[in-house]
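The structure appears below as structure tokens.
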Amino acid sequence: MTAPSVQRVTVLGSTGSIGTSTLDVIGRHPERYRVHALTAHTSREALHAQCLRHRPDVAVLAGEEDAAWLAARLREAGLSTTVRHGEQALCAVAASDESEVVMAAIVGAAGLLPALAAAEAGKRVLLANKEALVMSGALFMQAVERAGATLLPIDSEHNAIYQCLPREHRGGLERHGITQLLLTASGGPFRTWEAGALEGVTPEQACAHPNWSMGRKISVDSATLMNKGLELIEACWLFDATPDQIQVVVHPQSVIHSMAAYQDGSVLAQLGNPDMRTPIAYGLAWPERIEAGVEALDLFTIARLDFERADEARFPCLRLAREAMQAGGTAPAALNAANEIAVAAFLDGDIGFTAIAEVVAEVLVHHTVAPADTLDAILAADAEARERARACIARRFVHGEAGARP
Ligand code: NAD
Ligand code: MG
């Protein structure tokens with residue numbers, strides 16, 4: 001047997017939850033992977049520590065001053081890492097000939113252009129940044145196809161479904177005998193709360209997820225079930241499914257990561273401990289398997305698996321996302337943008353928890369759906385939705401409506 005060749009990996013968003021888990025898996029397999037580039041927004045200290053450990057060729061930060069600071073520290077340490085800054089630099093490292101694999105783990109719309117650049121350059125794209133696909137699904141999938149990129153979903157549910165589908169699964173689920181995709185959801189920290197109690201939820205409570213340790217934005221999305229809504233849209237694009245072919249199943253233990261139902265009555269599931277290093281290792285090594293540092297699943301400790309329906313009355317974000325996907329075109333991009341602004345306002349203490357869905361609903365009501373066939377159309381819808389969401393929040397804030405800061 002010949003030794004596998006070393007793959008050069010770029011990690012976009014390396015200082016985040018997914019980014020650090022990715023570097024953990026890579027660090028376990030120095031004979032298979034080498035880090036080409038690491039990128040972060042403003043966390044220069046964390047990026048500095050990662051550079052000392054992984055010695056990348058390139059590091060990218062958003063700001064010029066932070067980049068100068070990092071460059072000076074790395075020179076002092078005797079590293080030859082090139083430090084760059086800004087969005088163009090992000091897109092350039094994503095598309096660079098110096099790496100074969102790109103982990104897209106920036107959070108939110110900020111990750112769209114670099115993720116798309118990686119797809120257009122024909123990379124093996126490990127996609128954690130679901131917002132990129134929500135915004136630009138058709139364009140993104142076309143870019144993957146045209147450039148011959150390999151797109152591997154890292155979101156645990158989509159990674160699970162990917163593992164449960166035949167290798168060739170494009171062209172519609174029916175063609176492959178699949179009747180339904182069962183997208184599991186933990187239900188978040190407020191699954192059992194009364195509707196009335198949700199009003200007073202704090203950011204700390206919303207970020208304390210029962211099963212997964214994640215960045216703050218996705219933690220809030222998990223609590224509102226917008227995360228499941230974004231994932232429903234993501235699944236439609238990845239697996240050529242329609243929204244009604246996807247059923248959300250609340251499964252509080254987060255042991256089954258999702259399932260595919262076939263016309264012969266078979267339901268295939270992927271199980272595991274809730275640890276993102278499993279889907280990350282799968283994406284890195286596919287079609288092989290590598291050790292991920294994840295403890296073996298002990299079914300006797302878990303003892304039982306529960307399932308229930310999602311309650312869209314208490315958690316309207318799931319319904320809003322499904323409706324946006326059904327509306328098509330730029331509606332999902334508007335939904336995503338409004339949600340990003342509303343979640344940031346909630347985390348800043350400017351609006352209450354239940355206002356997140358209200359802001360998104362208001363933005364969608366006013367959004368004029370256009371075809372999402374160019375990047376310009378998508379970015380214009382994103383900008384307009386952000387503007388409208390900010391205006392809606394400002395109105396609430398000024399009038400001191402329920403949920404707003406006194
Ligand atoms: P995080 O907040 O922990 O990390 C985000 C990373 O992106 C950081 O490195 C940050 O520096 C960088 N970043 C943030 N804003 C940026 C900007 N404007 N420009 C450039 N870089 C920027 O987030 P996370 O939890 O790791 O999630 C990352 C993505 O993966 C999200 O899209 C999330 O939905 C998805 N995801 C995460 C998990 C999880 O378990 N954390 C699971 C499934 C999917
Ligand atoms: Mg997920």
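Yeah, the Cβs are placed from backbone N, Cα and C, and that goes for glycine too.
What TrEMBL annotates here:
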{"type": "BINDING", "residues": "T15, G16, S17, I18, N129, E131, G215", "note": "NADPH binding site"}
{"type": "BINDING", "residues": "K130, S156, E157, S186, H209, S222, N227, K228, E231", "note": "1-deoxy-D-xylulose 5-phosphate binding site"}
{"type": "BINDING", "residues": "D155, E157, E231", "note": "Mn(2+) binding site"}
{"type": "DOMAIN", "residues": "9-137", "note": "domain '1-deoxy-D-xylulose 5-phosphate reductoisomerase N-terminal'"}
{"type": "DOMAIN", "residues": "151-239", "note": "domain '1-deoxy-D-xylulose 5-phosphate reductoisomerase C-terminal'"}
{"type": "DOMAIN", "residues": "271-387", "note": "domain 'DXP reductoisomerase C-terminal'"}
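Proximity of the binding-site residues G16, I18, D155, E157 to ligand 2, judged by a Cβ distance under 6 angstroms to any of its atoms, singles out D155, E157 in sequence order. Comparing Cβ neighbour counts within 10 Å across the binding-site residues T15, S17, the minimum falls on S17. Looking only at the domain '1-deoxy-D-xylulose 5-phosphate reductoisomerase N-terminal' (9-137), the predicted model's pLDDT averages out at 98. Selection of the binding-site residues E157, G215, N227, E231 by a Cβ distance under 6 Å from ligand 1 yields, in sequence order, G215. Counting other C-beta atoms within 10 Å of each candidate's C-beta, the binding-site residues K130, H209 are led by K130. Spatially close to N227 (1-deoxy-D-xylulose 5-phosphate binding site) yet at least six residues away along the chain are A185, G188, I218, D221, judged by Cβ distances under 8 angstroms.
Other C-beta atoms found within 10 angstroms of the C-beta of E231 (1-deoxy-D-xylulose 5-phosphate binding site) number 29, with every protein chain shown included. Taking Cβ-Cβ distances under 8 Å and a sequence gap of 6 or more within the same chain, the neighbours of E131 (NADPH binding site) are V107, G108, A109, G111, L112, L230, N336, E340. For E231 (1-deoxy-D-xylulose 5-phosphate binding site), the nearest of the binding-site residues G16, S17, I18, D155, G215 in terms of C-alpha separation is D155.
Within the domain 'DXP reductoisomerase C-terminal' (271-387), the DSSP-based counts of helix, strand and coil residues read 66 helix, 2 strand, 49 coil.
Distance noted between the C-alpha atoms of D155 (Mn(2+) binding site) and K130 (1-deoxy-D-xylulose 5-phosphate binding site) is 7 Å. Looking only at other Cβ atoms within 10 Å, the busiest spot among the binding-site residues G16, G215 turns out to be G16.
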